[in-house]
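Participant: Okay, handing you the structure first.
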Amino acid sequence: MSWQAYVDDHLMCDIEGHEDHRLTAAAIVGHDGSVWAQSATFPQFKPEEMNGIMTDFNEPGHLAPTGLHLGGTKYMVIQGEAGAVIRGKKGSGGITIKKTGQALVFGIYKEPVTPGQCNMVVERLGDYLLEQGL
């Protein structure tokens, strides 16, 4: 399966059978910042934004004072799983990032998708990739 198929079929899919419940954007990005696959709506990000995200995985709490920035959008960092998951909130939407051995799985959402639904979709694919040694 291509990386694009993982994004299209496992991240940008209907959530829990609701056609109107989909992530607004998603991507799989290598630890080096190279995009493996992304939705058409995934924001252009700056290298320093990706560096900040990677630093937070290695040094949990790094982004808390400044917020998580992606594509120029600032998210307030909320409780995640140290070294494994970063979660951010902005208004009625947010972001979930799951770290695997070689990649970061991104999901961005807004209402009617809930934070829990975004977490489920992103972390399910991330856990699968971890099981595959990726």
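Note that Cβ sites are derived from N, Cα and C of the backbone, with glycine treated the same way.
According to Swiss-Prot, the record shows the following:
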DISULFID  Cys13-Cys118  disulfide bond
MOD_RES   Thr114  phosphothreonine
MOTIF     84-100  motif 'Involved in PIP2 interaction'
Participant: To see if you understand the setup: which same-chain residues, six or more apart in sequence, place their Cβ under 8 Å from that of Cys118 (disulfide bond)?
Facilitator: Leu23, Gly94, Ile95, Thr96, Gly107, Ile108, Tyr109
Participant: Which number gives the other C-beta atoms within 10 angstroms of the C-beta of Cys13 (disulfide bond), all protein chains shown included?
Facilitator: 13
Participant: Give me the Cα-Cα distance between Thr114 (phosphothreonine) and Cys13 (disulfide bond), rounded to a whole Å.
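Facilitator: On Cα coordinates alone, these residues lie 14 Å apart.
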Participant: Treating G and I as helix alongside H, and B as strand alongside E, what does DSSP give for the motif 'Involved in PIP2 interaction' (84-100) in helix, strand and coil?
Facilitator: 0 helix, 13 strand, 4 coil
Participant: Give the helix, strand or coil assignment DSSP yields for Cys118 (disulfide bond).
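Facilitator: Helix, per DSSP.
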Participant: If you draw a 10 Å sphere on the Cβ of the residue listed as 'phosphothreonine', how many other Cβ atoms land inside?
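Facilitator: Here the count is 14.
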